[in-house]
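Novice: Mind looking over this structure? Questions follow.
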Amino acid sequence: MQHSFRSDLLPTKTSPHSHLLPQTKNANISRRILINPFKIPTLPDLISPVTSPVKLKPTYPNLNPLQKLAATMLDKIESSIVTPMEQNRPLPKPTDPAIQLSGNFAPVHECPVQTGLEILGQIPSCLKGVYIRNGANPKFPPLAGHHLFDGDGMIHAVSIGSDNQVSYSCRYTKTNRLIQETELGRSVFPKPIGELHGHSGLARLALFSARAGIGLVDGTRGMGVANAGVVYFNGRLLAMSEDDLPYQVKIDGQGDLETIGRFGFDDQIDCSVIAHPKVDATTGDLHTLSYNVLKKPHLRYLKFDTCGKKTRDVEITLPEPTMIHDFAITENFVVIPDQQMVFKLSEMIRGGSPVIYVKEKMSRFGVLSKQDPTGSGINWVDVPDCFCFHLWNAWEERTEDGDLVIVVIGSCMSPPDTIFSESGEPTRIELSEIRLNMRTKESNRKVIVTGMNLEAGHINPSFVGLKNRFVYIAIADPWPKCSGIAKVDIENGTVSQFNYGPGRFGGEPYFVPEGEGEEDKGYVMGFVRDEEKDESEFVVVDAKDMKQVAAVRLPERVPYGFHGTFVSENQLKEQVF
């Protein structure tokens with residue numbers, strides 16, 4: 001996962017509006033219109049919300065005259081009251097669109113399937129299927145602040161056929177939020193991080209509530225963006241973010257993507273789930289969490305068997321709503337971080353952000369048996385000086401005295417609020433081993449690799465919940481760009497690197513095993529952007545020696561994004577709709 005919290009990356013075009021214009025090699029827009037009408041820039045693409053506030057005249061289909069009058073009045077309230085409030089608030093770098101949507105973080109248009117792509121090298125025969133990567137790609141320009149996490153979900157797909165032919169496509173995940181905003185032709189739903197700040201954020205919430213009250217928008221059908229995680233489970237590819245149910249996406253025979261719709265596991269749940277579910281390598285069960293900012297007990301643990309049947313729905317009491325982006329599982333337990341980033345909506349009344357870093361809070365990990373039906377047996381272990389946005393794996397060990405120890409591998413970030421605020425401190429992201437003694441309730445954190453920012457990674461999926469040796473993880477240097485991939489031997493801390501080269505940056509590497517047996521027998525893949533040559537590639541690296549074996553030249557720019565997965569040829573045939 002790449003985060004765009006940058007002061008060094010500013011728009012490189014001469015136009016003050018260029019950070020919202022999809023960047024291609026051909027800057028001649030009129031010529032692009034003649035060549036490819038699909039790529040015609042729309043009005044929102046050409047206007048900067050920072051230097052020139054968007055003044056759209058939304059259409060209101062299916063509204064009666066009284067509703068249209070109310071909608072018009074709310075528009076005037078927005079333009080005369082809410083927008084001035086937002087313009088009077090200086091934007092910090094993490095939510096300034098001029099920074100957060102510049103360079104290769106700028107949005108792109110959808111791209112239908114492009115076939116016959118040029119391949120450099122040889123793609124291994126075991127990689128028949130589709131590499132999928134999710135990311136944030138705002139369709140409409142932000143009205144005020146914009147954080148990278150706020151963008152609409154877009155999936156990029158590289159399909160590798162049995163004849164070694166490769167194709168590429170990218171499509172929006174058509175969330176209910178995106179569908180409604182597309183109908184209105186503008187951004188309407190509040191952006192949780194970029195806009196919901198202080199009094200202007202409260203005004204945005206009130207405005208949205210009023211529009212919902214007159215029937216202009218409907219938040220009950222989902223307000224999420226589905227832009228972060230992706231998982232293939234029980235015949236379905238699911239796109240997800242913390243703010244909604246997953247969305248099922250179909251991969252057709254040509255490698256194109258189609259949103260099937262919001263997926264509640266056959267109506268077994270109606271709550272949001274986090275972006276990082278875990279598929280148990282031993283049982284095939286899917287484990288996930290759901291946190292609720294408003295309602296106690298704030299957290300639920302959910303488990304689904306290989307047929308998609310819900311077998312656990314356990315409430316876990318937290319003293320306050322904690323941001324939980326990731327967690328881990330072992331053979332017998334679920335490992336849940338309760339750390340220092342929390343939600344406090346009352347902070348908005350005092351003019352602040354609802355997502356805050358509570359320095360005095362002690363980070364801790366909860367260890368819950370997968371068989372616990374009530375959650376009453378959860379054990380909490382304090383872990384000082386620890387904030388892990390992502391956890392890569394966990395397993396169980398025994399000490400010489402027979403004590404059960406839970407070993408957790410994660411990337412510890414300092415300062416914890418790096419991705420949300422300007423602390424002024426240098427960012428450190430240390431790949432760490434955290435040991436939780438379940439008898440003594442003591443913890444120990446050891447840094448595995450020093451002097452490198454390591455974030456956004458993956459392990460051999462056959463080892464999820466079991467003791468593993470290797471982690472494949474992005475080298476987030478110079479932070480927050482990713483300049484290469486590190487293969488880390490967590491037993492001895494040795495690192496093998498694959499560096500992209502000067503001016504080339506990527507994101508999260510994804511590991512695909514080649515059969516069973518050796519843990520590092522397989523391939524690591526991901527998107528790479530050459531910022532100097534203005535080219536994007538799909539790169540495949542041999543996981544054993546960390547050398548490139550193939551690269552595919554892509555027809556369009558692929559922005560930096562979040563997390564990915566690989567859907568095999570057999571899994572494609574087993575899709576359920």
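Even glycines carry a Cβ here, placed using N, Cα and C.
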Novice: Looking at 1-23, 300-322, which one does TrEMBL call region 'Disordered'?
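Specialist: Matching range for region 'Disordered': 1-23.
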Novice: Only counting partners 6 or more residues apart, tell me which same-chain residues put their Cβ under 8 Å from the Cβ of His276 (Fe cation binding site).
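Specialist: The answer is Gly229, His325, Asp326, Phe327, His390, His563.
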Novice: Taking the Cβ of His563 (Fe cation binding site) as the centre, how many other Cβ atoms fall within a 10 Å radius?
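Specialist: There are 24 of them.
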Novice: Measure from the Cβ of His390 (Fe cation binding site) and count the other Cβ atoms within 10 Å, all protein chains considered.
Specialist: 22
